[in-house]
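Asker: Got a structure for you, written out below as structure tokens; questions coming shortly.
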Amino acid sequence: MSNSNPNDPRPPPPQLEVDDTYRYLSGLGNSFSSEAVPGSLPAGQNSPLLCPLGLYAEQLSGTSFTTPRHRNLRTWLYRIKPSVTHEPFHPRDPPNRRLVGDFDDRTTTVATPTQLRWRPQEVPRAPPHVDFVDGLYTICGAGSSFLRHGFAVHMYAANKSMDGSAFCNADGDFLIVPQQGKLLITTECGKMLVPPGEIVVIPQGFRFAVDLPDGPSRGYVSEIFGAHFQLPDLGPIGANGLASARDFLSPTAWFEQAHRPGYVIVQKYGGELFTATQDFSPFNVVAWHGNYVPYKYDLSKFCPFNTVLFDHADPSVNTVLTAPTDKPGVALLDFVIFPPRWLVAENTFRPPYYHRNCMSEFMGLIYGIYEAKADGFLPGGASLHNCMTPHGPDTKTYEATISRLGGDANEPSRLRGTLAFMFESALIPRVCRWALESPSRDLDYYQCWIGLKSHFSHEEVHGDDGPAATGGNKDDKN
Ligand SMILES: O=C(O)Cc1cc(O)ccc1O
Ligand SMILES: [Fe+2]
């Protein structure tokens, strides 16, 4: 493609989409190609003796070389200098001590079945200035990046663009959910603008830099070790619905050529940070082709399916992306959303049901009010309900819902102005000590359910001398 340059007046070819500033390639799992300079992509082979324009060829592998073809991911990058041209790696000074890549470590993490909730963290507008890398902190996770099995949940709060440095995560893929403040992400494949309401996936190994064109930003990150995200199967839903492959957008080639002495690559490796300096920008890829690419997705494009007569569907019906384990139907990590939608179920308790789940559920709120929590769960806040930990609607939500009985409870109602999400995993996360001890932790979270009272009424069902008058006392209300 020769017109990936935003100043090019020609209309984009069919596969390209345009936002305010950038052009994107549409599709998920496609084999793409993109050229910032016409003729820079080698024709007919990946590694010619001499690449066009004197570029170096470099392959970035996202799966083992021998992964079956339908899951094999790799991209060929044609760059001004290869990535290897740098000084040796050293442990980063200062380190970021709030990042974890191995969750067996009991000095930093704790196992707890307690329901956990956090208030949103304020993003400082004044100094100290913190960029995306220093603003990242792990909340919980399971497994190990070294063993290529596990996940981590991080949050970030940053008030400064990355300057003269790029981040590279050797541990896993990042799925970033900005909640406040747009992200401008420069990657080796090109640039992407990601406002709150969109998500972005940066696969393992890509170098990227995060700028904050709107000022301070905060949000959530899930990281997966040893797997990649894919669209969920649709089963009986059919061939269409939920997230559509064509709404996923990947960047088009963009490069910078200038001499950049002292440019720093920050590499996350086993949860620890290392740095290496080089004298050029890592965003020196003039052309690329392949199927291992960063991508973004606008959550408002999601096409929700739901019950249309009675009962509450399981949240899996709202899965945007899933990272599978080897067990069919069991996710290392599902990314699920609770978007605006119509609720039409009759004779049904419409908010989420009370439940205990063998999977663990981390939730965040992008905007609005979550349907299960009348208060206390705020945009930018978070909650964690680990494996088999009971949870569900708070007292206010329960009472407000049943008080509509006999009123308009059966009328269609539209959930508006809300967007919550869940990272759900089959693995049981351990929680970082700093998250448990954080001043943002809501230590009274359990109180939101303590007021749930018994509505049990013995007489209503069986009458005074009914057959089931065994056990229990009709006056026993607590
Ligand atoms: O716990 C939660 O709020 C998430 C959730 C939502 C829902 O509609 C059903 C089950 C579930 O875990
Ligand atoms: Fe839940």
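Each Cβ is built from the backbone N, Cα and C atoms, and glycine gets one as well.
In TrEMBL, annotation is done automatically, which means it is predicted and not curated.
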Asker: In TrEMBL, His355, Glu361 are given as binding Fe cation, so which of His289, His391 is in that site too?
Answerer: His391
Asker: Grab the pLDDT values for the domain 'Homogentisate 1,2-dioxygenase C-terminal' (300-456) and give me their mean, rounded.
Answerer: 97
Asker: What's the CA to CA span in angstrom from His312 (active site, proton acceptor) over to His391 (Fe cation binding site)?
Answerer: 15
Asker: Of all the recorded positions here, His312, His355, His391, which one's CB has the most other CB atoms within 10 A?
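Answerer: The most densely surrounded of these recorded positions is His391.
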Asker: Go through the recorded positions His312, Glu361, Tyr370 and pull out the ones with a Cβ less than 6 angstroms from some atom of ligand 2.
Answerer: Glu361
Asker: Cα distance, His355 (Fe cation binding site) to Tyr370 (homogentisate binding site), nearest Å?
Answerer: 17
